[in-house]
Amino acid sequence: MILRRRSTRTAALLAALALLAGAAVLSVGVGAHTIAPAQVLRAVLWPGDSADHLVVRDIRLPRAALAVAVGAALAVAGALVQVLTRNPLAEPGILGVTAGAGFAVTLGAAAGVAGGAPLELGVAVLGAAAAAALVGSVGHGSPLRLVLTGVALSSVLAGISLGLRLLLPEVFDRYRFWAVGSLAGREQAETAPALLVIGVGVGCALLLGRQLNAVSLGEDTAAGLGVRVAPVRAAAFLLVTVLAGAATALAGPILFVGLIVPHLVRPLAGASVPWLTAFAAAVGPVLLLLADVGSRLLLPTGELPVAIVTALLGGPVLIWAVRR
Amino acid sequence: MTALVLRRGGLSLRVRRRTLVLAAALLLAAAALAVAGLCYGPTWAGPDRVYEALSGAPGGPHVVIREWRLPRVLAGFVFGAALGAAGAVFQNLTRNPMGSPDVIGLDAGAYTGALVALTVLAGTPTQLTAASVLGGLAAAAVVYLLALRGGVSGLRLVVIGIAANATLSAVNSWIVLRADLDIAIAAVGWSAGSLNGVDWADLGVPFAVIAVLLALLAARSRAVLQASLGDDLAVATGIRLERLRLELVLIGVGCTATVTAVAGPVAFIALAAPQIGRRLAAAPGVPLLPAALVGAVLLQGADLAAQALLAPVALPVGVVTTAIGGCYLLWLLAREVRRTPASRSRP
Amino acid sequence: MRIARTALATAAALTLGLTAGCAGGKAGPDGAAAATRVFAADNGDVTIPAAPKRVVATGYAVPALLEASAPLVGVSTWNRGIPLMGEADRATYEKLPKVAGEQAAETNYEAVAQADPDLIVIGVPKPALADIDMKRLEAIAPVVAIGPSVPKAWRELSRRQADAAGSLAAFDAVRAEYDKKAAAGAQKYAAVLPKLRLAHLGAYGEVGKGNFQREFNGSWGTNVAQDLGANYYGEVKVRGGGSKDVSEYPSVEELSTAFAQADALTYSVAADGSLPAPVKYVLDSRLWKNLPAVKAGRVFPLRYTEAATYRSALRTLDAADAAFAPLLTK
């Protein structure tokens, strides 16, 4: 069913936000040992010095915030790419954009370029842009070809990374993190710049929605509505690379979030790009929070990188999307 | 078109002259690479020494060449041929240059099978082989069935394969992370294909299996060619398409999984070799013989590169083939775009 | 790898242990080949030369045999041990041809063959032996595998490794020196150390997984401090075999539960005194700063905890002595 009335959509968005809050509480409660929701609430509102409170405030809340930001960034980037390329299979992960960002960070770090978090972020965004440009120029035309190009690029980068790691083990072992996306152990890393960039990026994407809506109706229609196509497309492209790059800088390459979420929320948003973006920004974090909870439950000792859980979920979704 | 007909026993093959010349050239290249592979090592042994070793001279370096380098070189040749042929089979079946077994998730499935054999069963070589063949077959079957609606040709099959690949790879990492340390170590060695350390004991059964499969394939090569030119033509010449397809799938999966069981997943040979072979042979369809020989040359070359690139550290050959094969795939896609500018505007 | 003409000649004389007669070249160890003995190793009873002349060592056997001045002709790389090596050993290590990388799987069999050893000593943990083609190595020379089982076993292992390589005398001298120093240290701390309930934070946690390494008695980080009388309470929840019998990797969230009972804490630092990333990660967290032992100021950094030989353990002893010194003044 496709919801058309504005009030219905608003209600659905509110429901999604409520779901987000629930997922956040769940994700803060689950971990090495379970902390009851009431205790979680107390830790947030009346912080004390007990171990549970410290765990909630210093470890689980930052991690949940990370999941929210990364989930929103990837889902919105996915929605934008799908609109931009008119390709239901497009997604920053599958298209190799996150792989490019991760590879750039690894390379930059090995060359001693990416010192602090802001520089790392810059390098990641550059890598994302380079990968997106390459994949876009080779793979445009057919939706499936685009996917194939992204996969080919990812496997080339993976091969080179492995070779480099064997060549310079002491340099690259520290950056194994960039090979598989994960949200663990990041609570002390300097995440503020990337979080800020994601916040601004998602905001811009919401503002750009109306123009993109016009562009998605076709160039003539857009011109008729007084929207200049080229700048809007360029801005959307920029947003995709910035969001994907920032998400990768935070959590490493994570696939499929940008694919799953837009498909999930499309029935709610219909053809409206602003609503699609808004729903993606609300539901993306839910998906990543739940995947992160799953990553802690699937492995009794230690945890599974969250990117493995999203791949587990995402493969079937991709098949379903192709078969439609 | 110049053609000659070879007759030996009941088997008759129609081979174009160009294909014959090409095959001879490729065999020559493979032989040259084999000699280079026998000479190459931390100590370079001259061809004269290699000759002595092969003619059975005793002594240390001779044994190194005979017992260590020769099996590796032969494995490169035979496995490369098997992968190239399997790739050609699948590309013919799907009529799609990207429809190769590694792209559609067969390797990942075979790896899952091997992991199950390692973690749940005892992990004996027989179990490893059987489990990886079963895993590969299951993955191929699932991908095939999922892509069936609307025909298996086209990029759809490939994208479904990619999706299956991603899911299976995730499952594989999960199994490895859950496994005990020593099993995990053995399993990780499996994740990128490698010919390092293969010796005669590892090769007897796989070589026999591949020989049988390739012979079966050769017997069907004519039918394959006709089927690849069009269903109508094939049916008109009296080929039972469904049965042929099933046989071909079994042969292709058998080749890929056998190689995977011994060497781990060696990606992209199956993708690149048939396409290169087709261009060199300038033939319609995807001819099998050039594909197999190009595969042999490619894998041998990649294995030499893998040994030499970071020497003395030996790189798994799968890493080299992945990096090179990925570049090749990108180039293939880029070319396709340039050739068909009309597709740009297609939504 | 550069190959001189002489190397080729040497390789030509290499007999893979099949024939003893054709070693007619200049390096031929004619006289010694006769005397052999049977040595009990992880891979069974192996017949080895009584006085080996050309030894290849890998893994933990590398530092042990360097210190025992064994007649080495090839080693695996052993980067983690470099900061612990003495000047002379370090120079020898740098000069020796490398026949394998840090991982057992990176063994370069042809390079081993080229080194033309009469004995190969493999010092890798048992699970890693699966990555090594033993048949190939055995074709080159007798192979003895003497790998670490639990970390504290380095004492006996390094002795057996030195024994196999026929260098016991040099080994025992260093051990005597160590034992003397340890006894003196134990005397010095007899009044304070044995009473403390200690816990150790190791350097092998993984920030990317958000965990930390806790080491108990008999682990790398603790065994030398134990010689001074230190006692690390508790034991692992699940015995994982090998080093995981004496150390575990809980989530950083469990920091307070794990260390709450400790009177004092020790943690591993790098050879230059800097904090390894996994240790820094824990020390920077508020959970750590909230621990009773940390609030009481009873935390002691231990250097050189990777020691796997007596000579390097001498440095570990000195470092531990310096670290625990504040206990005596209080």
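Each residue, glycine too, has its Cβ placed from N, Cα and C.
Residues 68, 265, 267-270, 275, 278-279, 282-283, 285-286, 289-290, 293 of the same chain lie 6 or more positions beyond the ends of the signal peptide (A:1-23) yet place their CB under 8 Å from a CB of it. What TrEMBL records for A:1-23 is signal peptide.
Sequence annotations record features per position, and here TrEMBL assigns transmembrane segment to A:62-81 (among others). Outside the transmembrane segment (A:62-81) by six or more residues, the chain places 20, 24, 27-28, 87, 90-93, 95, 97-98, 183-184, 186-187, 191, 194-195, 198-199, 201-202, 205, 212, 236, 239-240, 243-244, 246-247, 250-251, 254, 257-259, 261-262, 273, 276-277, 280-289, 292, 306 with a CB less than 8 A from a CB of the stretch.
Residues or ranges marked as transmembrane segment by TrEMBL: A:93-115 (among others). Remote same-chain residues near the transmembrane segment (A:93-115) are listed as 74, 77, 81, 123-128, 130-132, 134-135, 139, 146-147, 149-154, 157-158, 160-161, 164, 168, 171-172, 174-175, 178-179, 181, 240-241, 244-245, 247-249, 252-259, 314, 318 (criterion: CB distance under 8 Å, separation of at least six residues from the stretch ends).
Sequence-distant neighbours of the transmembrane segment (A:121-139) (same chain, 6+ residues past either end, Cβ-Cβ under 8 Å): 85, 92, 95-105, 107-108, 113-114, 145-150, 153, 193-194, 197, 237, 240-242, 244-246, 248-249. According to TrEMBL, the transmembrane segment annotation covers A:121-139 (among others).
Among the features that TrEMBL reports, transmembrane segment is placed at A:146-168 (among others). Residues 85, 87, 89-90, 94-97, 99-100, 103, 106, 110, 131, 134-136, 138-140, 176, 179 of the same chain lie 6+ residues outside the transmembrane segment (A:146-168) yet bring a C-beta within less than 8 angstroms of a C-beta in it.
Taken from TrEMBL, the feature transmembrane segment covers A:235-261 (among others).
The transmembrane segment feature in TrEMBL is assigned to A:273-291 (among others).
Beyond the ends of the transmembrane segment (A:303-322), by six or more residues, the same chain brings 67, 88-89, 93-94, 144, 180-184, 251-257, 259-260, 263, 287-288, 291-292, 294-296 to within a C-beta distance below 8 angstroms of the stretch. Summarising the annotation, TrEMBL assigns transmembrane segment to A:303-322 (among others).
Proximity of distant same-chain residues to the transmembrane segment (A:273-291), defined by a Cβ-Cβ separation under 8 Å and at least 6 residues beyond the stretch ends, is recorded for 9, 12-13, 16-17, 19-20, 23-24, 26-27, 64, 67-76, 78-80, 83, 183, 202, 205-206, 209-210, 212-213, 216, 254, 257-258, 260-262, 264-266, 306, 309-310, 313.
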